[in-house]
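K.L.:
Okay, here's the structure, questions in a sec.
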Amino acid sequence: MEPAREPPARARPPPPAARPAPAAPRPRSPAEAEARGPEGLLRRSGSGYEGSTSWKAALEDTTTRLLLGAIAVLLFAILVVMSILASKGCIKCETPCPEDWLLYGRKCYYFSEEPRDWNTGRQYCHTHEAALAVIQSQKELEFMFKFTRREPWIGLRRVGDDFHWVNGDPFDPDTFTISGTGECVFVEPTRLVSTECLTTRPWVCSKMAYT
């Protein structure tokens, strides 16, 4: 009987080949470094960056338009308020007297055309923030007759035995003489005349000029 044979020995696999060492990184050129930097990123983003700039410009333009619109509305409101104030009475006028009034000294005068009684003339002056004219000198009387020849009512009236101006001042007989026996006074070129208050004639209003 033959002895048992030993199985043949297995061949060992060859050891793995050694991996080559990684190559050293190649240095970047200046162009590549610039392309990888922030400016390169902006250039690569392209239209996105330009779109952001356009959006900011549009926003600034809209803001400017809104601001100009608000200024225009404010100016219009100021003009409306000034027009309303001017219609109620002159506050700061370019001329010292209203339209159709005449300036003499520091007063404005209005000479009516239609005849009315003394009280109606007084009421008209009152509604225009004035009074029937108070005459304080002969020169003032002469001025009045440069613009009227119709012997108008003035703001002088008898109260009891004495005459008083409508502004409350007493009448000075040394300045003017008064003829007639009536209560209300009108003027002639050289004197004052009293007559019945219901007599109709034109009148003269006066008030202080605007300053």
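Cβ coordinates are placed from backbone N, Cα and C, and glycine is handled just like the others.
Swiss-Prot feature annotations, pasted as is:
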COMPBIAS  10-28  compositional bias 'Pro residues'
DISULFID  C97-C108  disulfide bond
DISULFID  C125-C205  disulfide bond
DISULFID  C184-C197  disulfide bond
DOMAIN    104-206  domain 'C-type lectin'
MOD_RES   S29  phosphoserine
REGION    1-53  region 'Disordered'
TRANSMEM  66-86  transmembrane segment
K.L.:
Measuring Cα to Cα, how far is C184 (disulfide bond) from C97 (disulfide bond) in Å?
P.N.:
27
K.L.:
Tell me, in order along the sequence, which disulfide-bonded residues from C97, C108, C197 have their CA within 10 Å of C205 (disulfide bond).
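P.N.:
So the list reads C108.
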K.L.:
Please report the Cα separation of C108 (disulfide bond) and C197 (disulfide bond) in Å, rounded to an integer.
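P.N.:
Given the Cα positions, C108 (disulfide bond) is 24 Å from C197 (disulfide bond).
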K.L.:
What's the CA to CA span in angstrom from C125 (disulfide bond) over to C97 (disulfide bond)?
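P.N.:
Distance between the two Cα atoms comes out at 14 Å.
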K.L.:
Provide the number of Cβ atoms within 10 Å of the Cβ of C184 (disulfide bond), excluding the reference atom itself.
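P.N.:
Summing over all protein chains shown, C184 (disulfide bond) has 26 other Cβ atoms within 10 Å.
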K.L.:
Rounded to a whole angstrom, what is the C-alpha distance between C97 (disulfide bond) and C197 (disulfide bond)?
P.N.:
29
